[in-house]
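Here is the structure we will look at.
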Amino acid sequence: MDRHLCTCRETQLRSGLLLPLFLLMMLADLTLPAQRHPPVVLVPGDLGNQLEAKLDKPKVVHYLCSKKTDSYFTLWLNLELLLPVIIDCWIDNIRLVYNRTSRATQFPDGVDVRVPGFGETFSMEFLDPSKRNVGSYFYTMVESLVGWGYTRGEDVRGAPYDWRRAPNENGPYFLALREMIEEMYQMYGGPVVLVAHSMGNVYMLYFLQRQPQVWKDKYIHAFVSLGAPWGGVAKTLRVLASGDNNRIPVIGPLKIREQQRSAVSTSWLLPYNHTWSHEKVFVYTPTTNYTLRDYHRFFRDIGFEDGWFMRQDTEGLVEAMTPPGVELHCLYGTGVPTPNSFYYESFPDRDPKICFGDGDGTVNLESVLQCQAWQSRQEHRVSLQELPGSEHIEMLANATTLAYLKRVLLEP
C-alpha cells in the first residue's frame, strides 16, 4: 500500500477522533461556571437608599399637603419635598411614631412606607431618582464594579433597608439578606463579599453576630467596611439636641429635628462606653455638661424622653467585643475635621459651637478604630487601611478605596 496513502488515512482517523473530543471539551467548559470573581452585596448607611410612600391620611398638617395618593412616590430623596412649607408635609410622612408600651415604632396614620429595589443597586447609586449629583452615592463604585466585569442586579446587588429603624425592627430584612446571599452563592459558585458603608456596617455586624460560624465560613468571603461607626458618633448628640441638615442647604436644622429624633437609628448611634471615656464631655451648656453617663438627663432636658427608651431598646443589640467572624477589611478616613463636642450658649434650640477632632468629617477616629480590638479575637484576618483626607461620603469614590476593593475581589 502506498505509504503516503496510509499516512493520510491515519491523519484523517486522528482528526476524526480529535474533533469530537475537542467539541466535548468545549461543551464541558461551557458547563463550568464562568464566574472568576466573588459576588458582591452592597449595604448602605443612614439615609443611604431611597424610600417610597403611599398616602391615605385622615388629616394633613397643611392644606398644600397631599392627603391621598393612588400610587407610591419617592419620599427620600426628593428635593422638591424639602422646599419651604412642603417640608412640613414631608416630615409628617417620613417620621416614625414610637409606642412606649410595645417598645416599637409605627408609621403615621394613613402612611405606608416601603424600600424599593432590594437586590438591585439603583436605589443606592442615586438617592434622588432624577439622578442629580446631590444624590449620587454608590454610583461610582458600582460603575467601577461593572468595569471589572460585574453586572448590576446579578453578581453585584444592593441590600437597601429602612434606615430609620434599628436592626431589632427590621427582622424581615435580615431574612431576605440571608436568602439572597445563599442564592448568590449557588448562582455564582462561591461566597459573597459584603461591602458596607457607615451605619450599614453596624447592621452587618448585627447580622453576622447572629449567624452560625459554619454558615459564615461557607457563604461569606470577606467583609469590606467603609467608615464604620462601631462605637457610635459624637455628632449624634447635636442631631438630637438641635438637628442637623446633613449639608442640604434648603433644610433648617430645627425643622428636620423632629424627623431625626423619631428615627430610632439616631439614638442607636449615640457614643458607646466601650469606645469613649466615661468622663468625656460631649455637650457643654451654661448649666450642665453631658457625658455618655448622662443620656437619661440629656433626653429629658431636650424634651424628648422617648429617645431614652429608644436607646435602652437598642444599646445592647450589638456586642462590641464579639467580632464578625469573617475576613474583615476596615477602611477609614482621617485628617478631616470631625465634630467631637458641642458648646451651646442657648440649649437646645440654637446651633452650637463645634469642637473638632480627627475622623472623616462624620465618624470619629475613636469609633472606627474599634475593629482593631478584633484582631486578637478572631481567627480570620482583620486588616485596616487608612484613607488620609477622605471624607465620609467621598470615600466611596476614593481611588484608594476602589483600588483596595479591586484587590480584595480580583486578586487570588
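Positions of Cβ are set from backbone N, Cα and C atoms, glycine also.
For 1-33, the entry in Swiss-Prot reads signal peptide. The annotation substrate binding site is assigned in Swiss-Prot to ASP46, MET199. The disulfide bond annotation in Swiss-Prot covers CYS65-CYS89 and rests on similarity to another entry. Residues annotated as N-linked glycosylation site in Swiss-Prot: ASN99, ASN273, ASN289, ASN398. Positions annotated as Zn(2+) binding site by Swiss-Prot, on the basis of similarity to another entry: SER198, CYS355, HIS392. Sequence annotations record features per position, and here Swiss-Prot assigns active site, acyl-ester intermediate to SER198. Residues annotated as active site, charge relay system in Swiss-Prot: ASP360, HIS392.
This view paints the features noted in Swiss-Prot onto the structure.
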residue: ASP46; record: substrate binding site; DSSP (3 states): coil
residue: CYS65; record: disulfide bond; DSSP (3 states): coil
residue: CYS89; record: disulfide bond; DSSP (3 states): helix
residue: SER198; record: Zn(2+) binding site; DSSP (3 states): coil
residue: ASN273; record: N-linked glycosylation site; DSSP (3 states): coil
residue: ASN289; record: N-linked glycosylation site; DSSP (3 states): strand
residue: CYS355; record: Zn(2+) binding site; DSSP (3 states): strand
residue: ASP360; record: active site, charge relay system; DSSP (3 states): strand
residue: ASN398; record: N-linked glycosylation site; DSSP (3 states): coil
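Near ASP46 (substrate binding site), with the C-alpha within 10 Å of its C-alpha, lie none of the recorded positions CYS65, CYS355, HIS392. Between CYS89 (disulfide bond) and MET199 (substrate binding site), the C-alpha separation comes to 27 Å. Comparing the recorded positions ASN99, SER198, ASN273, ASN398 by how many other C-beta atoms lie within 10 angstroms of each C-beta, the top residue is SER198.
HIS392 (Zn(2+) binding site) falls outside any helix or strand according to DSSP and counts as coil. Shown in sequence order, PRO339, ASN340, SER341, PHE342, TYR343 are the residues of the chain, 6+ apart in sequence, with a C-beta less than 8 angstroms from the C-beta of CYS355 (Zn(2+) binding site). Look at the recorded positions ASP46, CYS89, MET199, ASN289, ASP360 and count other Cβ atoms within 10 Å of each Cβ; ASN289 has the fewest. Cα distances from SER198 (Zn(2+) binding site) to the recorded positions CYS65, ASN99, ASP360, ASN398 are smallest for ASP360. Non-local neighbourhood of CYS65 (disulfide bond): ILE86, ASP88, CYS89, ASP92, each in the same chain, at least six residues away, with C-beta under 8 Å from its C-beta. For HIS392 (Zn(2+) binding site), the same-chain residues that are 6 or more apart in sequence and have a Cβ closer than 8 Å to its Cβ are SER198, GLY227, GLY333, VAL336, ASP360, GLY361, THR362, VAL363.
A Cα-Cα distance of 24 Å separates ASN99 (N-linked glycosylation site) from MET199 (substrate binding site). Comparing the Cα of ASN398 (N-linked glycosylation site) with the Cα of every entry in MET199, ASN273, ASN289, these being the recorded positions, the smallest distance points to MET199. DSSP gives ASN99 (N-linked glycosylation site) a strand state.
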